[in-house]
């Protein structure tokens, strides 16, 4: 798809148009970002949640490869460029009020999407601890597929 | 589960503890909110993305019914209280750096989760228009299950 990098997306219109129209007019927040939820195209498993600025969304739509905005590095983040786990976008959806996008992807390499080497960032579930207070239990079925220290260096 | 409303969650610890520990210490943003992704517990379909403050998360954990923070109304939002589509939380997960929660839910009533009456807020996919630019195509398999004007009034 072709998107001008000068004027990538039209400004959001009135509510009815935003919610039922066919114009992609994402509502970036005051920080210039939109939330992106990324799921496995095959089984819908939620893999990660990140953010995109206008340029990251434009690159994602144009190339079919997921690009995000790294808030810590303040830079465009072509996911998987270091680890080899690039995400091919099979489908891109947007929500009712156009302030969140949903990416259905196939992940290359060893299929890790989390910086810890796991398939999904959501590897811990809230359970009830012995004192009745919430504890986190790690999903042992999602084992790290790479060693983050080897791939990213020891400060990862 | 029992959570004190005065000190609901411990402050986030160092990175290693945050990412691999068993302590639920959500990282609320500068606005006091954390992103919440809600999926169908049966087939993982992404239903909606919303936000929670500390109290909404506490209520969700304690009651097992999804509570969010309505940014437009600036109030706790017990999802489905008006429409009857309350969400029972089957599992609650948190991501690697604890700044996003994932709810796996079963929705009561007619199973709508979007204010437009649809099952999911993500009812439009980005496709390539005849001019080569992106257009939105509505997923006709997700038809409104209620009339928003009847349920919420004409300004919904």
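Heads up, the Cβ atoms here are built off N, Cα and C, so glycines get one too.
Just so you know, TrEMBL annotations never went through curation; they're auto-generated.
According to TrEMBL, the feature region 'Disordered' maps to A:1-22 (among others).
The domain 'Phosphoribosyl-AMP cyclohydrolase' annotation in TrEMBL covers A:48-123. In the predicted structure, the domain 'Phosphoribosyl-AMP cyclohydrolase' (A:48-123) carries a mean pLDDT of 96.
If you look up TrEMBL, you'll see A:95, A:97, A:99 marked as Mg(2+) binding site. Neighbour density for residue A:99 (Mg(2+) binding site): within 10 A of its CB lie 18 other CB atoms from the protein chains shown.
As annotated by TrEMBL, Zn(2+) binding site applies to A:96, A:114, A:121. Here residue A:121 (Zn(2+) binding site) comes close to A:47, A:48, A:49, A:113, A:114: these same-chain residues lie at least six apart in sequence, with C-beta atoms under 8 angstroms from its C-beta. Following the DSSP three-state reduction, the secondary structure of residue A:121 (Zn(2+) binding site) is coil.
For the compositional bias 'Basic and acidic residues' (A:133-145), same-chain residues at least 6 beyond its ends with a Cβ under 8 Å from one of its own Cβ atoms are 110-112, 116-120, 123-127. According to TrEMBL, the compositional bias 'Basic and acidic residues' annotation covers A:133-145.
Secondary structure counts, DSSP: the region 'Disordered' (A:133-156) has 5 helix, 5 strand, 14 coil. TrEMBL lists A:133-156 (among others) with the feature region 'Disordered'.
Taken residue by residue with DSSP, residue A:114 (Zn(2+) binding site) is part of neither helix nor strand, so it is coil. The Cβ of residue A:97 (Mg(2+) binding site) has A:15, A:18, A:19, A:27 as same-chain neighbours under 8 Å, each 6 or more residues away in sequence. Other Cβ atoms within 10 Å of the Cβ of residue A:96 (Zn(2+) binding site), summed over all protein chains shown, number 20.
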